[in-house]
Structure formats: structure tokens, C-alpha cells
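Can you read through this structure? Questions will come right after.
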Amino acid sequence: MLTLTSEVQIWAHRLPAGVKLAVLAVATTALFRLHGPLPLAAAFGAVAVVSATGGPRFAGQSARILRPLWPFVLMVGLWHLFTRDIAGGAEVILRMTTAVAAANFVTMTTRLADMQRVLEWLCRPLAALGLPPARLALALALVIRFIPVLQDRAGQISAAWSARSARRAGWRTVAPLTAAALDDAAHVADALRARGGSV
Amino acid sequence: MEKNLTHIALFAALIAVLGLVPKIDLIGGVPITAQSMGIMLCGTVLGAKRGALAVLLFLALVAIGLPLLSGGRGGLGVFAGPSVGYLIGFPIAAFVAGLIVERWTTAIGVSAFAGAVVGGIVVLYAFGIPGMAFVMQKSMPEAAAMALPFLPGDLIKSVLAALITQGIARMRPEALLSRA
């Protein structure tokens with residue numbers, strides 16, 4: 001499956017994931033302390049420059065990954081035009097876009113396996129509550145493995161529906177898909193037990 | 001133990017697949033994604049605890065960089081964006097939906113609908129709206145007004161989640177863990 005990690009290798013890929021996440025946490029906290037359009041424009045500029053150091057392709061990907069934010073930017077922009085508070089609107093849009101872009105930068109420059117290691121490290125205290133790291137790792141692997149399986153199943157179910165009906169399948173495929181997920185869960189549980197049981 | 005783990009994992013995968021399914025056309029051709037219905041189903045089918053854990057597992061995969069949110073969104077950025085409140089509310093919504101189905105032992109369709117509405121709408125909006133208000137620096141009523149257009153779609157999804165849960169209760173009565 002595709003991850004959001006950029007295939008364009010840049011300098012930040014070589015930094016340890018934990019360092020990048022710590023810097024991101026500090027930077028995001030600071031960002032919410034900043035006020036006024038100018039300091040926030042500077043912060044946005046800084047993230048844009050950092051993204052641009054990855055070259056044009058990386059910068060393009062960074063811009064594209066921000067696309068889901070546009071409706072919100074438009075909404076806030078129109079709102080503040082309407083209330084004639086342009087500076088306030090600029091502040092909100094810059095802060096929101098900068099925070100998301102900075103977080104995206106970390107995601108784009110960190111491999112899934114490295115992120116997973118950080119997640120497992122963060123979840124270590126949960127071992128006392130009955131979630132040993134091995135079980136978390138198995139759960140993550142199972143989800144990643146079963147997304148394409150369930151996707152195929154969804155395709156088969158709607159193909160079977162289309163063979164029998166001229167109407168679109170729509171939500172009616174969700175019940176058999178849910179049943180399929182329950183069946184798979186039971187089978188995989190049996191398989192795990194047959195191979196020595198719980199981790 | 002294995003059964004809990006595999007159900008949680010498979011339902012996390014189900015939420016992802018319901019977000020990847022391009023769209024489900026409602027009457028009038030309003031496109032909605034089925035992802036939030038997946039959150040409701042986690043609670044109504046798996047029950048409070050397993051449902052919430054399935055949603056948490058799904059969010060963990062989103063956070064570490066898989067584009068599993070509807071529209072192919074994912075990564076750490078979504079947790080800094082205007083939808084962050086909804087993401088925080090997801091596992092709690094599933095938990096509440098599951099709790100209602102577990103505790104209110106009336107006809108499964110009725111309690112699943114109640115669970116989907118209270119968990120998937122009331123609880124979810126109670127987190128989502130303050131999240132939007134915070135990130136977009138709007139007042140609560142302003143943020144609530146922005147969430148309002150999604151209400152009809154979410155009500156329809158609650159009905160569908162209830163129908164699907166009822167269907168599961170018929171097809172796989174032994175697998176309906178919220179009533180086990």
C-alpha cells in the first residue's frame with residue numbers, strides 16, 4: 001500500500017524520527033503562541049522554505065498534500081472578508097496552514113517503519129495495562145494486510161450485486177462486507193491459535 | 001485473546017476500506033463517504049471496548065503515515081487541521097455507541113440506531129465542533145453552523161448503521177460481540 005512518505009529522498013529523511021517529532025511538537029506549540037499576521041507569515045515562510053529545500057518535486061508534493069485544507073481556507077477567508085477582519089483572517093489561515101504543512105513535512109520525510117517504531121516506543125507504558133508491544137505490532141500488521149483483502153471483497157460484492165441488479169449497489173454492500181470482516185476475524189483468530197496462540 | 005485482537009484489527013481495516021470506497025450516492029446524488037458509518041459500526045457490532053480500540057488502531061495507522069482517511073488524507077497533518085476534534089471524538093463515539101447497544105437490550109435495530117445517533121453524532125459533534133472552533137478560531141455557534149450541513153447525511157448514516165447492525169444480528173448472531 002502507498003504511504004504518504006515521499007519517494008523523493010531529501011536531507012530530512014536521514015534525521016531520526018524521534019528528533020523530527022520532538023521538533024514538530026515544540027514548533028506547533030510555539031505556533032499557537034504566535035500572534036499577528038507578520039510573525040505567522042514568517043512562520044509559514046519558514047516551513048515553505050524548508051519544504052522547498054527538497055527540490056521542486058518534493059515542494060509540489062507538499063503543496064498537493066495540503067489540498068484538503070482549501071475548503072476550510074476558503075470558508076475562513078470568506079468569513080473574514082464578510083466581517084472585514086482581514087488581518088484576523090490571515091492570522092487564522094496562516095497558523096492553520098503552517099501547522100498542517102509542518103506536520104505533513106515530518107510525515108513525508110519519515111518511513112512508515114520508523115514511525116511505527118516511535119509509536120511502539122510511545123505505547124510501551126501500555127504493556128502494564130495488557131498491551132505488550134508485540135501485540136500492537138501484530139495488530140498493525142494485520143490491519144495493513146487486511147485492507148487490500150477487504151477491498152477486494154468489497155469489489156466482489158458489488159460485482160455480484162451488479163450482475164443481479166440494474167441499480168447501484170450503494171450501502172447494501174456494507175452489511176455483507178461487515179459480515180466478511182467478522183468471518184475473516186474468526187478465521188485469523190483460529191489460525192493464530194493453531195500456530196501457538198496469543199502474543 | 002486472539003479473537004479480540006483479530007476483530008479489532010479487521011474492523012480497523014473495515015473503517016479504512018469504507019473510506020476508500022469512492023462514494024455512496026444517497027437519494028438525490030449527494031455523495032457521502034461511509035467512513036463515519038464504519039466508526040458507528042465498530043461500536044454497534046463490536047461493543048464499547050473493542051469498538052473504541054479498533055478506531056484507535058485505525059487512527060494510529062493514519063498518524064504513522066497511511067492515507068486512510070476518506071479522500072486519501074492521513075499523516076500527522078490531519079491532527080493539526082480543522083478536523084482534529086472529529087478524530088479525537090472517533091474512538092469515544094464508537095465507545096458510546098457500543099455502550100448503548102450493550103446496555104439497552106431492546107430490539108437490536110432500535111438500540112443500534114440510538115447508539116449511532118448518540119455516539120456517532122452527539123458525542124462526535126461535541127468533540128468536532130470545539131476542534132474546528134479552536135483551529136479556525138471561531139466561536140462555538142459559528143463552528144456549529146459549519147458542522148450543520150453534515151447533519152442530514154450523518155442521520156442517514158445512523159439509520160444505515162442500524163439496518164446493517166440488524167442485518168449482522170440475523171446473518172451472524174454469534175458474531176455480534178456487542179450483544180455477546
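Any Cβ shown, glycine's included, is placed from N, Cα and C.
Bear in mind that TrEMBL entries carry predicted annotations, made automatically and left uncurated.
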Out of B:8-27, B:108-127, which range is noted as transmembrane segment by TrEMBL?
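So the range that TrEMBL calls transmembrane segment is B:108-127.
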Short question: which residues 6 or more past the ends of the transmembrane segment (B:147-169) have a Cβ under 8 Å from it?
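Here the qualifying positions are 26, 30, 32, 34, 36-37, 40-41, 44-45, 101, 108-110, 112-113, 116-117, 120-121, 125, 128-129, 132, 175-176, 179.
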